[in-house]
Amino acid sequence: MPEIIIVKNEAEAGEIYGRCVADLIKAKPDAVLGLATGSSPLAAYQALAKIVKDEAIDVSGVRGFALDEYIGLPLTHPESYHATIHRTVVEPLGLDPAKVHVPGDVLNGTPLEDGDKVALAGPAYDRAIEAAGGIDVQILGIGTDGHVGFNEPGSSLASGTRVKTLAEQTRVDNARFFDNDINQVPTHCITQGIGTIMKARHLVLLAFGAGKAEAIEETVEGGLSAFCPASALQMHPHATIIVDEEAASRLRHKDYYRYAYTHKPAWQGI
């Protein structure tokens, strides 16, 4: 069962994540971070960047692996996740760009039709993560339908990094990043699978707003199901879900989650 932390706002959630990761880097200078795009992690990255600066933490050895990438977008496209990760994480934290990887790096705009190259990219990415020693902390957002990464409802809970077709709702949701033109949104992606994500030693999922309330309810208190991919976190030995009041509004046991978090010993961390 994941630990549920209910916070006032995104800034408070960001501070919790930032402290967790900063302490990890101090203890393990070559820590491997799992990175995600989207709006949910932004406050977390900002909080971590501030701690790194204020405490003069050496991040030169830190490594990173992103969750996913569109297929067909060149790395230089402003909405490629390669560009987004470098803009929101690598530059603010001062990470070494050569040590931060995105599943589509080896593709760099390769079209979906180039099956020989596209099909090999997923397994190669999983091997790269394993060669780095695995991911220490993986940050996650969640879609309104319970997807994590680009693992849409129906994704195998044992899946590795592979090519997926984007759900129409996901393309509609992401059109805001493409001048509100769904025709510009790629139709396919390469994403870490649920099986890959579950290998990370610590998962931290962030969710904010009433629009995420149903997905959080299904993730935490619903049954384990491929139709809510995030529900796989119920089976992880060290998962933390940080939500604001609105995202937690449908949780039946939220009073217990608050009590458990406020009464845990400080040395346990998250």
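Every residue, even glycine, has its Cβ placed from backbone N, Cα and C.
What Swiss-Prot records for Asp68, His147 is active site, proton acceptor, and it gives sequence analysis as the kind of evidence. According to Swiss-Prot, the active site, for ring-opening step annotation covers Asp145, Glu152, on the basis of sequence analysis.
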Could you state the whole-number distance in Å separating the C-alpha atoms of His147 (active site, proton acceptor) and Asp68 (active site, proton acceptor)? 12
Give me the CA-CA distance between Asp68 (active site, proton acceptor) and Asp145 (active site, for ring-opening step), in Å, as a whole number. 17
Same-chain residues at least 6 positions away from Asp145 (active site, for ring-opening step) with a Cβ under 8 Å from its Cβ, in sequence order, are Glu152, Pro153, Ala167, Gln169, Ala215, Cys228
